[in-house]
Amino acid sequence: MTASQRTLMVMAGGTGGHVFPGLAVAHRMEAAGWRVVWLGNPAGMEATLVPKHGIPMEYVRFGGLRGKGLKTKLTLPVNLLRACWQSLGALRRVRPDVVLGMGGYITFPAGVMTALSGRPLVLHEQNSIAGLTNKVLAKLAKRVLVAFPGALPHAEWTGNPIRAELARTEPPQARYASRSGPLNVLVVGGSLGAAALNEVVPRALALLAPGERPRVVHQAGVKHIEALKANYEAAGFAAGEGVRLVPFIDDMAAAYAAADLVICRSGAMTVSEIAAVGVAALFVPFPYAVDDHQTTNAAFLADAGAAVLVQQRDLSAELLADWLRGQSRASLAAMAERSRTLAKPEATDEVARVCAKAAGANLEILQ
């Protein structure tokens with residue numbers, strides 16, 4: 001690190017919904033000449049993922065309380081005090097000019113110690129319903145940013161930082177107009193898959209006449225690919241009959257861009273990516289998400305006519321088949337165009353600019 005180089009500390013962990021947007025901002029700041037250090041949990045996915053991106057790490061051990069037993073709750077004061085001490089040590093070693101909190105349990109002790117040490121704290125909430133940690137830390141932060149309007153009071157709506165290739169996708173009008181033939185449907189359950197989609201979609205397609213069926217790419221989740229193959233076989237589909245089954249998709253930008261319709265869950269990053277690309281979506285929120293935030297995430301697009309929201313309890317093969325019969329490429333293109341108008345494709349740059357400004361940096365460095 002040079003004497004004039006500024007440092008950003010990103011604190012995020014636990015799930016990809018926190019880590020991936022943090023990485024997008026981290027890379028943007030590195031491109032602008034900043035040093036970036038990541039604060040995470042040694043037991044979290046970030047401990048494996050972040051070093052692969054060449055970003056050095058500091059660690060704090062701290063877990064959540066939701067669904068945990070009595071022992072965890074009784075030891076909370078000791079664990080919290082230890083996490084605060086570890087956070088303070090990391091802050092003293094790294095000496096960041098600004099700290100960006102992207103969520104995860106470690107954000108609470110690290111965020112508190114950031115504020116108490118007098119360093120500027122910037123918070124970003126990815127979901128439409130803010131978690132408890134960000135609700136508390138928002139009172140201590142210098143700037144508060146949200147991906148969905150209204151998630152936190154007095155916050156700035158920046159959108160979710162996403163991968164650059166998603167924001168560069170060709171506009172939906174041009175993509176849809178260039179296609180003919182059956183609709184292209186992408187089914188995505190996330191990296192772990194979604195059992196409800198894996199079960200219902202094959203049966204729904206079987207209810208459609210051959211001439212009504214779309215072409216389908218169905219991402220199963222690595223652990224569920226064999227079960228998904230069995231589901232399609234049970235529904236009467238032989239391999240290669242207009243259906244391609246994959247365990248994981250590396251290039252989501254290309255997959256979204258090739259689709260007329262995406263059938264998926266409605267995690268914060270999924271909703272933000274779909275809007276950024278501009279593609280029609282049928283959202284089936286995960287019914288056990290904390291505070292049912294996936295329903296509210298999906299409603300952001302659905303309420304504007306930019307997507308369709310179906311609760312898992314209402315989803316059936318018959319309902320899905322009937323709905324698919326009523327869709328055309330033109331109707332889906334209109335939905336996709338509305339979705340694109342609600343996107344925040346410059347979110348990564350905007351969050352980076354806010355961090356720079358909070359540190360007192362010249363914004364020209366991020367232009």
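Glycine too: its Cβ is placed from the backbone N, Cα and C atoms.
Residues or ranges marked as UDP-N-acetyl-alpha-D-glucosamine binding site in Swiss-Prot (evidence: sequence analysis): T15, G16, G17, N127, R163, S191, I249, Q294.
What Swiss-Prot annotates, mapped onto the structure for a quick look.
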residue	record	Cβ contacts under 8 Å, 6 or more apart
T15	UDP-N-acetyl-alpha-D-glucosamine binding site	M45, G104
G17	UDP-N-acetyl-alpha-D-glucosamine binding site	G103, Q126, N127, G267, A268, M269
R163	UDP-N-acetyl-alpha-D-glucosamine binding site	F20, A24, M252, A253, E273
I249	UDP-N-acetyl-alpha-D-glucosamine binding site	V188, V217, Q219, A255
Q294	UDP-N-acetyl-alpha-D-glucosamine binding site	R265, S266, G267, F283, P285, F286
Which of G16, N127, the listed binding-site residues, has fewest other Cβ atoms within 10 Å: G16
Conformational class of G16 (UDP-N-acetyl-alpha-D-glucosamine binding site) under the three-state DSSP mapping: helix
